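Per TrEMBL, these features apply:
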DOMAIN    C:99-295  domain 'ABC transmembrane type-1'
TRANSMEM  C:12-29  transmembrane segment
TRANSMEM  C:105-126  transmembrane segment
TRANSMEM  C:138-157  transmembrane segment
TRANSMEM  C:177-195  transmembrane segment
TRANSMEM  C:233-257  transmembrane segment
TRANSMEM  C:277-302  transmembrane segment
């Protein structure tokens, strides 16, 4: 947690963090914050402009845009975050097993990791959706399947390093349980690296998930989702381009905040790399994985 | 004796913070002599030398006069200064491994440099370079020229730089800790080549080092720097035997035991 | 070098096999019975168990898994990916032209990305910390945070509708390329721009730059050395950009109605046209593996150090 404290000394990072916390809080308590039911149709209010009752106006079915925006946080941001956390967890378990037992287990698990990392993630997401059918949960499942390998690698490396170190050996001899060793030593050591990779994936995942909804492959009507709202607004983009504004800005603000925070994480982990960044490595995905191995970036 | 190089009121500071790193330093180097600059890392030795070449990073600014012969280098336009570099002032870097373009053969840099300063034909440049490389005991000069930097050792690359200096015949040679990164045997070979370089070119030399053993062997005068300031300047013998400043005395005694070891290695 | 090349190419074969196996096995995970999908797609009014069994035999689905896999792989190697469940036509007759269209878009876009990222990356590195560098970095940062479909829609609205300068969609002339290529470039150039910039910056601080200057080489030559060494890193990165862009044109194709792979795959997903999905995944995954191999070989060819270590 010292790490987070250090990062938040940076003003931009602190502001970004505050925005994200605020957005997520509003998302979690959407029923409290939303002024209207996001799926309530008012045909008489179609394309109404902003008013006291409907701050951001109404969409093509007369639904409250603000309420839809607020409910949209759940799939667009919270859903992605949940998938991300699950993949960190999955990666942590697999990475720990590989690093702890070593030998054959390690070789096999890392081979699988390599294969996972060499798949183009966009294509794999499409494949998962193609096989299991359209829907938000399938995209999130694809993310989970594709991201864990990154985290597994990081955790494995830090397990390898730390199980060598004297105080962990000492802790083992002293009869401290594995779980305690992990909690006290391994997790804090791996956390900054995980934060960097996770935060940068977070940004691209938020963009991707709304992209899939925009294509009609994600969440299904009448549920509210930012990409979906943009898709609906696209129908009238020539006559009423202003409907593209609210959901588009919402995505940009959230993604910008995430990216700023991710940059700050990076700067904190490795000041020298702040400009070159691990982030583009994770964004350039498989190519990036190779870069890391060759230590050229 | 005539002064080859006169440094007057050289001040170096960081551009962003305005922090003064080297305040007002002045010294002379006599023609044909070798001045050693010693001091701990961070004392401003390298900065001073780069300031003479006018090669410090953009974040660092310098003021003061640098007289080479009758010419003030500090006042020259960059274009003119560039022509002096290599031709009249030569530098030898600490890390031979990093000093050459890693993606080109070593010879490419050598030939490009010579082509920059002389109107020689390609075969003449290669011929002279070849003889120079042989004279620094690189016995397969063509192989060395065709090799990539990573294929040669640090000591070999150091000698390649000395060979290039031999061909360029500059007035002043500035060597920035040329022996620090080397093992003892390579150190011996490189120091030997430096001594021969002086004999052959008769050129003035500034030799940065924190190895007092090497300094004693090669330098005529010693200049001691601490925290950017010159704390002592005198002939080598005087500095080693009756140092004026406490700091110098501590340096000399600290290195004395090491020096004995060095003498054994050098077979004195 | 030749040895390394052969070794690296041979290494990619098991990976390609693994990829094909995963692709084939993956489809079997589907909760829906393909035979049922086919019957639905063909508009058969009443689906009986008998009919399903018949279709299964016709599709060869009653054979053991490994037999089906090897048959499938053998025909895939001859560009026979089976027939579309929906149209009944051979998959390749749809996939081939779509792939070609997407390749055209990808090649132009990657060229634009390379030009933009190298141009700005090198330019900003020389002026690191100055106003212009900071603003350009901010701009690229902002652009990579933007949803491309949103930006694309705005571009259509502005350039095609308001100014009426460019076509809104389709693939008719070179003018159709401008907007899609611009959109892909804007969304991806930021990543590569940062890689180039930091690579140039770290090379600028290398000793060889200093020694080159100390030898009196003109600034131009020293900079040329720095750029050449910096771009070496970039070659393999750009090589990998090809399959990455190839696989992520989906949104752009959707917005601009580009008749390529993205459009084809989205339609196949919505129609549950498994043979098409399978072929799509296989082709792109293979492209990934191949470019990976090519990128490694290129890297070795360009980097004398790697070349020596490996050959």
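A Cβ is built for glycine as well, from the same backbone N, Cα and C atoms used for every other residue.
A TrEMBL annotation is a machine prediction, not a hand-curated record.
Of the two recorded stretches, the transmembrane segment (C:12-29) lies close to the transmembrane segment (C:277-302), with three or more CB pairs under 8 Å once pairs fewer than 6 apart in sequence are set aside. Taking residue pairs at least 6 apart in sequence, the transmembrane segment (C:233-257) and the transmembrane segment (C:105-126) share three or more C-beta contacts under 8 angstroms. If you look at the transmembrane segment (C:277-302), the same-chain residues 6 or more away from its ends with a CB under 8 A from one of its CBs are 1, 4-5, 8-9, 11-12, 15-16, 19-20, 23-24, 26-27, 76, 81-82, 91-92, 95, 99, 232, 235-236, 239-240, 242-243, 246-247, 261, 264-265, 268-269, 310-311. Here the transmembrane segment (C:177-195) has Cβ contacts under 8 Å with residues 105, 108-109, 112-114, 116-117, 120-121, 124, 137, 140-141, 143-144, 146, 148, 151-152, 155-156, 159-160, 166-167, 233-234, 237-238, 241, 244-245, 249, 252-253, 255-256, 258 of the same chain, all six or more residues outside its ends.
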